[in-house]
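Novice: The structure that follows is given in the form of structure tokens.
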Amino acid sequence: MPCERKPMRYGHSEGHTEVCFDDPGRFIVTCGNDGDVRIWEGLDDDDPKFITVGEKAYSLALKNKLVTASSNNTVQIHTFPDGDPDGILTRFTTNATHVAFNSNGTRVAAGSSDFMVKVVEVSDSSQQKTLRGHEAPVLSVTFDPIDDYLASSSCDGSVVVWNIEDQTQVISWPLLQKTNDVSNAKSLCRLAWQPGAGKFLAVPVDTKVQLYERGSWDHVGTLSDDLLTQPINVVAWSPCGRFLASGSVGGSLTVWDVNSKLCVERQKHEKGFTVCGLAWHPSGGQIAYTDTEGCLGLLDKLSTSTSDTNATKETNNYDGLFDDDDDDDRDMDEGLSNTNSPVKKHVVGDDDDDDDFLMPATGRVRNRGAILDDENSVDTGSLKLGQDQFVEDDVRGSIVAPGLAPLVPLRPAYEGPLPTPPQKAFQSGSTPAHLTHRFMMWNSVGIVRGYNDEQDNAIDVEFHDTAVHHAMHLTNSLSHNIADLSQEAVLLACPSTDELASKLQCLHFSSWDTNKEWMVDLPKGEDAKALCLGQGWAAVATSTLMIRLFSIGGLQREIFSLPGPVVCMTGHGEQLLIVYHRATGFDGEQALGVQLLQLGRKKRKIISGEALPLSHRSYLSWLGFTAEGTPCYLDSDGVVRMLNRSLGNMWTPVCNTRETCKSKSDHYWVVGVHENPQQLRCIPCKGSRYPPTLPRPAVTILPFRLPLCQTGTEKGQMEEQFWRSVLFHNYYSFLSSSGYEIDEDEQNKSQKEQQELLMKMFALSCKLEREFRSVELAELMTQNVVTLAIRYASRSRRMALAQRLSEIALEKAGEIQGEGQEEQEEEPEYSSIKKSSRYQHNQEEEEEQGEELCEEDNEQEMEMEEPTETRKDPNKPSSLSGPRVTNILDNMTSSKKLNALSGSAGKQNKSPVLKPLAPRPKGKSQSTLLQTSATKTAKRKTQERTEEADDQKQADDPPAPSHTDDTENKRAKTGFQLWLEENRKSILADQPDLEETDVIKEAMGRFRTLSAEERLV
């Protein structure tokens, strides 16, 4: 019985889910934990009709009308397929657990958690029969096809057959494990009566199915399989009554031939979830099943006819993996059943050493005969199947029709990891190509819609900003199926046909001349697979593993080859990002590689074929750039990753869209990413992976959040905010190095935000007595904020911490001075002026914010001190002489602008006061409460280090350090400093062995004991 396991798709939220077919087999109907009943026209239906029946739907049955058991303790009836409410059949004191129709649809049986079973007439719900006798919640109910009996299973461990008319028990079998509730039951024990005459009642018991004969109620057989290791949940008979299918807790799907009691088909849930719903198609060619995660699956191409033609067809086609089911939550392993399996077909002896004997894509043996240790053994199950003669009108009716050629020994089955079908190429920002109305592109510039129906075959282009261009309507006479849109052009591509080559068409609407369109034919046998637009260029990836570059005006440029088939490609400015298959993936994983190229004047490769990280068993869903030019992408598990340029071009997860989805059937379709402000712009899709074209979908904004540990705590929240701020502002350095102008106010704001977060984390670490962690945080701070941290530590009486922080501050001051000297020697003087001004500008902002933070944190800890200690020194210069340079990133503009500004204008702004950077940290450290000998030593070292540089500049520049020293001398001293100068001798006289730090500690202790009047003396 060869069959094909279709990739599963989300149907409902996580929880119990059931499925059935309507009588003609046109619809698949499911219900789930979200309270919805969904009517699918097929597994590919991306917009199923849904009916809300309550908060939860526990069970459903369909026979002309739809009956559901919902969470409001009722059994409701709806019309089908319209879904209009048609009343309430019956009520229970608690929720119903299972409902079932009889064979002609005139009666409904319902079991409940209140231990009762009711049989209700559909035409008149007042005619009810109540079957009492169970001592625990009812698990399932099923009608005898002749409508004389009803069977039920219960959590009390019994399976009971009832006489409906007499409302009495005919027989009861204690077969199941007892439990107190359906949710705790080891198995749902869904009973099933054989169609037709109802000869057998199938009862799933643990890992086997027991068969009982109607009338005598004798146990007549057992269906089992050695590969079943977990309890069977549900069973279902084929419409012909000859085959029985089962679904187990471990996700195993098994089909038995009841006559021979042999297993004729084995399949496995692609993710191993529990199968809780099972239904045969009325034609017998399909089995629909659902799991406890709310997913819907399908076994297709089952052969239950009397012909063996289907058994000889190979179903080895992976081509539709991503074309037909893009909305599915699919695993890459499609689980195809192959008739070349030794279980299904005996092979004539030959000398070929090919791999025809390998197992199909599931990697699991379908018959235990294939795993016998003796390689000369023969599959006895297949022999029996081959010898059984099910003759109907002289036609062999066996499902498996082995050849009559001599048998050969079976080869061992391969049980290792299996190759994953490669993901097909797609255009990011587009919906599947098989749709008649689809989005060909949706990005930050606009929307390209494609229409291909009986009335029209056209393309509409709409711009978010009409100032870029007006909307366009294009006739799609060439059947373009790929598109991209930028602020310069629209790029289209169509596949090749027998007569025509694949074409690339560009509508260059921003051109200043009258010819705004050009077209290129690709070489014969070469099809466009992906394309993108950048600033002044276009690129197309072809089926021959090549990338062709064009100018925006149609000039052919560079051409190069890819190591593997392209998956997706996108462009932004001068950047080109390509994702391709770098190898064959195994066990559901995709092996993708990524290349990032810079296509400016100096072309270079930034990322050269590294592996693209994806979530487990997922595939690429969206690829693009942020509005600021940082590459990012989304995988099928909803994880958004962004390139971290400051971490060696590694990929950092910044958002998980699944966390904001209300149910597993919902997804987000990304249309744009912004780093400032931090926004993930996407479209919510209920029950699908992509939105419909009409009505126009609404865009929503999702926040970013790094997946750090313990983000529910204050410490974790601040850590996440800090590192997210660092990551999302890396683009400033990239843009500046690429020659773009930057909003310096926003950069200053981001730096200020990061330093504030560091200071808050520093204060929290101090309160938690984590001084080592505080020092680690200080390493991330700027020199000015470290000085504020020293003040905070001193006021918190953490002198050892303050001493270590002072050493860090001196190191950072030395680093700043060294950088300043290098820039003075190597860079133009204009750049040095801006560097110094940037340093002083940042210093003033950090001093203000840090002093406010220190005062807030120490408001309750500090005793009364001199007002001058917390007041900003009026003598401290708030600005320097000469023109103030407020734009701190001017020195990061393009080289052309820098050369223009570094002429005479730069020399006019030259000020000797701005060059030396060393006195600034010294003056700042002097205003702290620590006056240690280490500070004095550092001053002397700083002076010696800058002596040579000062000598070189002495002829042209006035001595700037003397100006700063005068400023320091003019700075008002605090009351404690004045008191310490007067009383130092007395302290040393009392304790002559004290070090300088101990002298300050002793002085602080004495000073705090003085009254306010004594301090003023």
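Here the Cβ of each residue, glycine as well, is placed from N, Cα and C on the backbone.
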Novice: Kindly point out the range from 38-86, 381-429, 724-772, 969-1017 that TrEMBL annotates with DNA-binding region.
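Specialist: Result: 969-1017 is the stretch TrEMBL calls DNA-binding region.
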Novice: How does the domain 'HMG box' (969-1017) divide up by DSSP, counting helix, then strand, then coil residues?
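Specialist: The breakdown for the domain 'HMG box' (969-1017) reads 37 helix, 0 strand, 12 coil.
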Novice: Write out how many residues of the repeat 'WD' (131-172) are helix, how many strand and how many coil, based on DSSP.
Specialist: 0 helix, 24 strand, 18 coil
Novice: In this predicted model, what is the average pLDDT of the domain 'HMG box' (969-1017)?
Specialist: 77
Novice: Could you give me three numbers for the repeat 'WD' (232-266), the DSSP helix, strand and coil residue counts?
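Specialist: Result for the repeat 'WD' (232-266), in helix, strand, coil order: 0 helix, 23 strand, 12 coil.
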